[in-house]
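Trainee: So Swiss-Prot lists the following for this protein:
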- 266-279: compositional bias 'Low complexity' (COMPBIAS)
- 284-300: compositional bias 'Polar residues' (COMPBIAS)
- 333-344: compositional bias 'Basic and acidic residues' (COMPBIAS)
- 345-354: compositional bias 'Polar residues' (COMPBIAS)
- Ser257: phosphoserine (MOD_RES)
- Ser289: phosphoserine (MOD_RES)
- Ser294: phosphoserine (MOD_RES)
- 449-489: repeat 'WD 2' (REPEAT)
- 665-703: repeat 'WD 6' (REPEAT)
- 710-748: repeat 'WD 7' (REPEAT)
Amino acid sequence: MAEAVERTDELVREYLLFRGFTHTLRQLDAEIKADKEKGFRVDKIVDQLQQLMQVYDLAALRDYWSYLERRLFSRLEDIYRPTINKLKTSLFRFYLVYTIQTNRNDKAQEFFAKQATELQNQAEWKDWFVLPFLPSPDTNPTFATYFSRQWADTFIISLHNFLSVLFQCMPVPVILNFDAECQRTNQVQEENEVLRQKLFALQAEIHRLKKEEQQQEEEAAALVQHKLPPYVSSMDRLGDSELALVCSQRPASLSQSPRVGFLSSLLPQSKKSPSRLSPAQGPPQAQSSAKKDSFSSQATKGKDSVPGAKDGKSLLSGPVPGEASWTHQRQRRLQDHGKERRELLSTSSSQSQCAERKPEVSGAEAEPCLELHMGPVEVLARVSTAGSEGDRPEQPFIVLSQEEYGEHHSSIMHCRVDCSGRRVASLDVDGVIKVWSFNPIMQTKASSISKSPLLSLEWATKRDRLLLLGSGVGTVRLYDTEAKKNLCEININDDMPRILSLACSPNGASFVCSAAAPSLTSQTDSSAPDIGSKGMNQVPGKLLLWDTKTMKQQLQFSLDPEPIAINCTAFNHNGNLLVTGAADGVIRLFDMQQHECAMSWKAHCGEVYSVEFSCDENAVYSIGEDRKFIQWNIHKSGLKVSESNLPSDATGPFVLSGYSGYKQVQVPRGRLFAFDSEGNYMLTCSATGGLIYKLGSEEKVLENCLSLGGHRAPVVTVDWSTAMDCGTCLTASMDGKIKLTTLLAHKL
């Protein structure tokens, strides 16, 4: 507690200095110096009591103890009153013993003179009045214990412990609880970091085990593939006689089959030696290598003879030109056997064989043939290739959980998390507003249905219990999510009834409101406008600044070259800058201190759908009707830093098709992209869920990092809350479903 008090004093002192309350600061310093409670430091309180005894200041000692009783001890229950009385008695006895030990009998007599009225009726003091008159009180059996060092130390320790327990148990103001909360927060963060490291370690271990298992499977498959028939695996060390003997012992059916030779069925024709072709061979498709021909002819001849060793030897007793020629031929055959065996183990043999058998088959038709005739080696090669492609860098995020909020029954227009990251406000096309929390459990806090159509939604920044709701009839409502009622409703403009966008300043003092005239076409029109054509929002509009407290209009911004509908607005972190995206494709940057447009530039061919500041606020990102995601440098008007093309399901208009030709089209209303806390990753919409891209690569292209998925209808708006330790991604779709995905950032 003492540390918390000391730190709070420093914070209060810093705050007073920041506010310029110098007189109050001087008064605070003076009172801290004269603080009798010593900042709730037990050691200093005990030291103060001992110092008063050492200077024989009995009056100050009595006053200080009375102050402690009045300020601290009075808060205790009555059961502790005997303990307090015993400590007070021991304190005065400690003072008396000290006066006798220092030969100040006059101070001892003074003590009894001043305290006689209070002590004479107390039984525990009856024997102590003679203490100043005893020649050797330290040897007296009644007082000897109190003159020992052990008793003095025991008293000091008892007093110290009593005060310590008292300070720990006494109620403290709310401002002092922050220290304990900070410690708990730090402890939780440390535990989270330990668990995070354990999680990553387990993932790495799982990845390693899977890799080892895959390698073992590959090795096992390779061993199975390389295990050749005995008569093939022993070719390199067989002599001619043994080869003839083996061939003669094989069944005659093998020699008569079109797939007569094991080598012949796998080796490509291009690999065979023309000099070893037998003139008595059959059709070209049945030809094999010269050695294979020898096997077949010898086996056919052996069919009419009696099998045995003699027959085998007689087959080799044919005419030979000479001993040297026979040796040379034998060596050539052995070399060819080794060559054929090596070719057998290559993966290209089966593919060439398949191409040889069906040369007329097209590429699309040849693929089934390849799959039919390929051996385990080719399959293994494909698996290995797929495995190597799968060895990508570790994902930047780990999906901890994905929950669904399903209390909407029509397409979502807006879905926003409040500043604290604890609650979500969602709005659908039927005018249903839901305010719900997701931590620790998903629970609806407030629900409301608007009679008039709603087009925009924004959380108030300072009082995060309030919602700003813009309608399609020219009004803005202030809704209290805790009281579950409308606090006020203001008319913006009757001529421009559509409130397309709302943005509340971070300081909470004001908000901007974009009002536009009725659209040129209906939202329910099934045909999306062509890129670059005159869009549905190419109508006049106004950008207004309103005071949040008084709910009165402060000013109207100038929109050059002509008033146009503003689709999207966003403030920077301190509210000094406002960026807007309009239906004419122009981005305008407003100086909120001067209340004027600082710069503007043509950004998109068509409407600007969504615009946001970068995390460092040196750039602005935008998504437009032309399906482009562009980064702009705000220090140089119109300077394009990077540009990327997005799929149509990320930019809209969003289309949901149904049975019998039913088609629902929704133009973008809410945020189309959101950033993580560091601005390195971006969440966008897609047809099946949110997509996370990596920003800021050297090639200045978007890199698809993670697909959140989970949706059956197109996602129309997203949000990314980083208020908690884990990031929370919100993706809302046209079927009324909102997916809440909790991500854990992988810290490298």
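The count begins at 1 with the first shown residue.
Heads up, the Cβ atoms here are built off N, Cα and C, so glycines get one too.
Describe the structural surroundings of these features, if you would.
Mentor: Sequence-distant contacts of the repeat 'WD 2' (449-489) (same chain, at least 6 residues past either end, Cβ-Cβ under 8 Å): 413-414, 416, 418-420, 423, 425, 427, 430-433, 435, 496-508, 511, 513-515, 546, 548, 551, 669-670.
On the 0 to 100 pLDDT scale, the model's mean across the repeat 'WD 6' (665-703) is 88.
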Trainee: Cβ under 8 Å to the repeat 'WD 7' (710-748), counting only same-chain residues 6 or more beyond its ends: which ones?
Mentor: 189, 192, 196, 199-200, 394-406, 408-417, 419-422, 424, 426, 428, 438-439, 442, 649, 652, 654-656, 664, 666, 668-677, 683-690, 692
Trainee: Across the repeat 'WD 2' (449-489), what are the DSSP residue counts per state (helix, strand, coil)?
Mentor: 0 helix, 24 strand, 17 coil
